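Undergrad: Quick one: the structure is below, and I'll ask about it shortly.
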Amino acid sequence: MEHHKPLLPTSSHAAPTSSTRKDLLFVLCGLLFLSSLVAYGGYRASGVPHAHLSSPTSNHQQDHQSPTSLPSSKWYPVSRGVSSGVSEKSSNLLFAGEGGASEAFPWDNSMLSWQRTSFHFQPEKNWMNDPNGPMYYKGWYHFFYQYNPNGAVWGDIVWGHAVSRDMIHWLHLPLAMVADQWYDKQGVWTGSATILPNGEIIMLYTGSTNESVQVQNLAYPADPSDPLLLDWIKHTGNPVLVPPPGIGAKDFRDPTTAWLTSEGKWRITIGSKLNKTGIALVYDTEDFKTYELKEGLLRAVPGTGMWECVDFFPVSKKNGNGLDTSVNGAEVKHVMKVSLDDDRHDYYAIGTYDDNKVLFTPDDVKNDVGVGLRYDYGIFYASKTFYDQNKDRRILWGWIGESDSEYADVTKGWASVQSIPRTVRLDTKTGSNLLQWPVDEVESLRLRSDEFKSLKAKPGSVVSLDIETATQLDVVAEFEIDTESLEKTAESNEEFTCSSSGGAAQRGALGPFGLLVLADEGLSEYTPVYFYVIKGRNGNLRTSFCSDQSRSSQANDVRKQIFGSVVPVLKGEKFSLRMLVDHSIVESFAQGGRTCVTSRVYPTKAIYGAARLFLFNNATEATVTASLKVWQMNSAFIRPFPFNPDQKS
């Protein structure tokens, strides 16, 4: 059926945030200070520590943070993580319901049960955040993650562990590492794996000591012949790195995968800050036990604040194949990614890496690290890539947090999931951005499909798509604006951003148009994923790709934002999108993955069999032609590993 009426505006929208650029003088002074300290030959972790650390015999003891029980329907903002020296881990601190409401929505068990995903990775219960140390080893994909075994809120962080043959179906293993040493007493935090040429595995991770100092530690498999890597040994000489002079005790975390230098040494980078300037410290090592702090920084950007979960890797300029982290040369670009502690988004820049100068230089300073491009313009943070030597590709994982209330998370007993793993490669058509795309293996979950060819959507119309259910979907769609509309539409200097536009209800001559997902029949709840096109003064089209959650739920204790950004659409290309819908998660990819948006959606009516999918066109002038293929998606097999009696239980 077709509704010939435009989408209605909503009452309020979240205001966008911005970061202020600071003077570079402080950074230069800080660099001079750091350089003077290492000029004599480099700081070595085996020397005298420059941060106060308590030994294993210290009497200093601190209790673990325990999950908070919320027995009533009253809920209040609670900060988690900041006091310990990491980014805010509670969405409650960021909002208090619409209109400042402190009463939680009366969620029932049916609603909360529906929110749990069916083919995204998550533990059986409790809290999860950053992906850690992903790798392919002896026939298994290994995935480690930040995990609280004691509740559905951040705290008591250890390393969870799971394995898979295809990164879709997962088997949970026993915890890999727990907080049992003085140097990680307050948490076994984020880390990365490096596989050496001889097959040896090196795992570096951040530990929060019994005095909340962030230090770097070394671990390795107890039995390298074990394909499941069940047991891990922590190096007896931990910590191998402590904060250098001038760096705060809580501003030194998340070591990267190591890469080989031209001198044959291994090199890592670690995120930090000087005042409000984000920086990446660089260390060289030959044995992963003793390190040299290199003079200068890999990159520093004023105004970006603390850099978490730094990632650094090469991409090919010629094809889509992945590259080992150590590859460099004329046919290679490098990608530097940082997770900004201040706004909890993942930013990346593409540029060149000088091995001798230990310096990354972005191709476009306007798209520098932390101020330009993002991996994902929705809820996607603390991401980590790895080189998959099994299929010659680079794989990206990202943490998808919750945007409901902590009360609801505690009630349902779990919080957070991981994104569907994505392949990452350079967009060789533009040369200025990455392409992200769900791994091919996810297509093994496709069931029956419905195809819709050349559907016409007139201005201000909503068209129902007749499919079975709309809770677990893989949708591929293409859209075209009729030529007559493009030619007669006046050129405009209209300013448009997804986050401040008013959402899908904001009508323009050439947009918005796209899909309404997780919608109920009466459209009291719906989430638009759409394109908005502006014809500029020179006749060129400027396209934005957005996801609008402002009418996604009737609940008052969920965050309803509008996400998105500009997406390049090249001459001759149709507007294209792909969506993975998995209950409360919608992952959207525009133009082959040039721009990606992940949303958390918590409907109260558009659930189970009541969920619908619609085509919509809220433009005032353009008629849109759409062609879609919609697959129902099966559930992934995610369960505990079926150990034999002689295996670890």
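Cβ atoms here come from the backbone N, Cα and C positions, even for glycine.
Note that the structure is a prediction, hence the values are computed from the model and not measured.
Relevant sequence annotations retrieved from Swiss-Prot are reproduced here:
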type	residues	note
TRANSMEM	23-43	transmembrane segment
TOPO_DOM	44-649	topological domain 'Lumenal'
REGION	52-75	region 'Disordered'
COMPBIAS	54-72	compositional bias 'Polar residues'
BINDING	TRP127, MET128, ASN129, ASP130, GLN146, TRP154, TRP189, THR190, ARG253, ASP254, GLU308, ASP341	substrate binding site
ACT_SITE	ASP130	active site
CARBOHYD	ASN210	N-linked glycosylation site
CARBOHYD	ASN275	N-linked glycosylation site
DISULFID	CYS498-CYS546	disulfide bond
CARBOHYD	ASN618	N-linked glycosylation site
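Help me picture these features in the structure, burial and contacts included.
TA: TRP189 (substrate binding site) falls within a strand segment according to DSSP. Of all Cβ atoms in the shown protein chains, 28 besides its own fall within 10 Å of the Cβ of TRP189 (substrate binding site).
Around the Cβ of ASP130 (active site), a 10 Å sphere holds 27 further Cβ atoms from the protein chains shown.
For ASN210 (N-linked glycosylation site), other Cβ atoms within 10 Å of its Cβ number 22.
Under DSSP, ASN275 (N-linked glycosylation site) is assigned to coil, being neither helix nor strand in the three-state scheme. Cβ-based neighbour count (10 Å, all protein chains) for ASN275 (N-linked glycosylation site) stands at 13.
Around the Cβ of CYS498 (disulfide bond), 26 further Cβ atoms fall within 10 Å across all displayed protein chains.
DSSP gives ASN618 (N-linked glycosylation site) a coil state; it is part of no helix or strand. A simple way to gauge crowding: the CB of ASN618 (N-linked glycosylation site) has 26 other CB atoms within 10 angstroms, across all the protein chains here.
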Undergrad: If you measure from the Cα of GLU308 (substrate binding site), which of the recorded positions ASN210, CYS498, CYS546 is the nearest?
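TA: Closest by Cα: ASN210.
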Undergrad: Going along the chain, which residues six or more apart from ASN129 (substrate binding site) have their CB under 8 A from its CB?
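TA: The list for ASN129 (substrate binding site) reads LYS89, TYR145, GLN146, TRP154, ILE157, ALA382, TRP399, GLY401, SER416, given in order along the sequence.
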Undergrad: Would you count the other C-beta atoms found within 10 angstroms of the C-beta of GLU308 (substrate binding site) for me?
TA: 26
Undergrad: How many Å separate the Cα atoms of TRP189 (substrate binding site) and CYS498 (disulfide bond)?
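TA: Cα of TRP189 (substrate binding site) to Cα of CYS498 (disulfide bond) measures 34 Å after rounding.
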Undergrad: Going by DSSP, is TRP127 (substrate binding site) sitting in a helix, a strand, or coil?
TA: strand
Undergrad: Ranked by the number of other Cβ atoms within 10 Å of their own Cβ, which of the recorded positions GLN146, CYS546 ranks first?
TA: CYS546
